[in-house]
């Protein structure tokens, strides 16, 4: 019990640490070096994708007829950015540092029938325009629903709006506000905030001059506010004039905490106490489980070791009776080795990613950093996948290690890649920038075949060279007959019951993760996620051990696959929750977007199955070896 007490104490310590310092100011390394700007330095606004939570299909900014610079240049992107559909390009919006501008004309565009159709579609689907200045995404200030005065922001501004009369209006005037923090010693200043208030205005002019446009709707002394002028309708063969204001405002926010605004995006504070409540319930259950196990087992082992006469030995019941069959290799033992190896690979990737995120290396300002880290770590963890599957396979006295290695290298990534490829084809069919280009697809295949597969083989070779794991007891030649099982010990029932507890440990955190993925929020409470992850590990291990113990007590020795599936079924509940989330929280109406959602959630659930199943399997494997090596068997 000492071990469990230490774990509980450690968890309580981590919890108290998190409570003392709640992540309202999340800890992160800003990810980019600060840039100092002098007065009148050139500031270039970059444009990112158009995004919508209704369709989940990102589009390139220039997909709509916005003002284009003479040459559109794509900024350097990492793998994660491309996979997320980010396309960061230059724009016509340029400022001079700390110099306010009023009603500056960006350009005049004539809308044709095609452009009008696109604008109307994007307004219907509630698309938002994302811009970036000095690596800060643009935010739109808004009133909180609960009426409190705490500032709240939305990501990006809307393309336009539609009134009840069925007319569409475009947001063609942008009022930017740039907040800067000034160095008291020098003239240097750093940008710490970037906000915009969009408005629709039908600009008027007497005669158009491209070189020096004069607008009668612009007054240098009066700021344009939403609703102050008649709005600009979206109609074919009309000219739309895009204009912008910029004001600079000194701010007390330090450069290091400039991301706090974005990390506080959600409407209300995270429900601390409900999460702590769930952690406490899980801890309590874990303690109870461990106590039952230790007490029952110690009593059993002591009783078995005291049996002296042969008559008593014949009367023994329960788990000791199956000692001659408990290490008999299961059916499809090769497949089990493959899945365990894949689970180890996934566990390694998750653990290292979380430690990096916990230390603040995967800051949200490093766009796509998290996705890139996960893909690369998955590839390099192939070494451990090969090693663990080969070790297990050798224990099962298997001889075709190359076949198992190939399956380990190709099975899980192959299935995921096939689903991903189909989803990508659908996105490509919608002409969305979220479609992964051929070059990136080739890079992913290269990472898989060129690095991951060879590493799996290296791991397998090393694992197979090692001496086989010895069983603590000998296996009988003839399999023992399994007695009739009670209804509650039937495999299907106990497996389905086993998945509830691990899912219960993570489902509240899962709500926030789904919200950050599908509702365009930043997720940055990795400290909390790490605690939930540890609790998931403990819960998976303990529920599997308990159910495995009951199974062995009822003289059923087919525990290998059941141990894997007991913890793994939590993925079934995860997918069911994803379905519930889709119908209650999301406003997705498009068929393609629905397929995308369920396709990606299927990949996530499959990965969760492999991860939790492997944890359950190894816990049970350790437990079974431990109890059978503790008893005297003649």
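Cβ from N, Cα, C; glycine included.
Note: TrEMBL annotation is automatic and uncurated.
Keep in mind that what you see is a predicted model, and the values were worked out from it rather than measured.
Per TrEMBL, the stretch carrying the note transmembrane segment among 368-387, 388-407, 468-487 is 368-387. Within the set 270-293, 294-317, the record from TrEMBL flags 270-293 under the feature transmembrane segment. The transmembrane segment (336-362) shares the most Cβ pairs under 8 Å with 595-624, out of the stretches 408-429, 441-464, 495-519, 525-550, 595-624. Of the Cβ pairs linking the transmembrane segment (562-583) with the transmembrane segment (495-519) and spaced 6 or more residues apart, 3 or more are under 8 Å, so the two regions touch. Counted as Cβ pairs under 8 Å, contacts with the transmembrane segment (595-624) are highest for 525-550 among 368-387, 495-519, 525-550.
Segment contact holds for the transmembrane segment (368-387) and the transmembrane segment (441-464), given three or more CB pairs below 8 angstroms at sequence separation of 6 or more.
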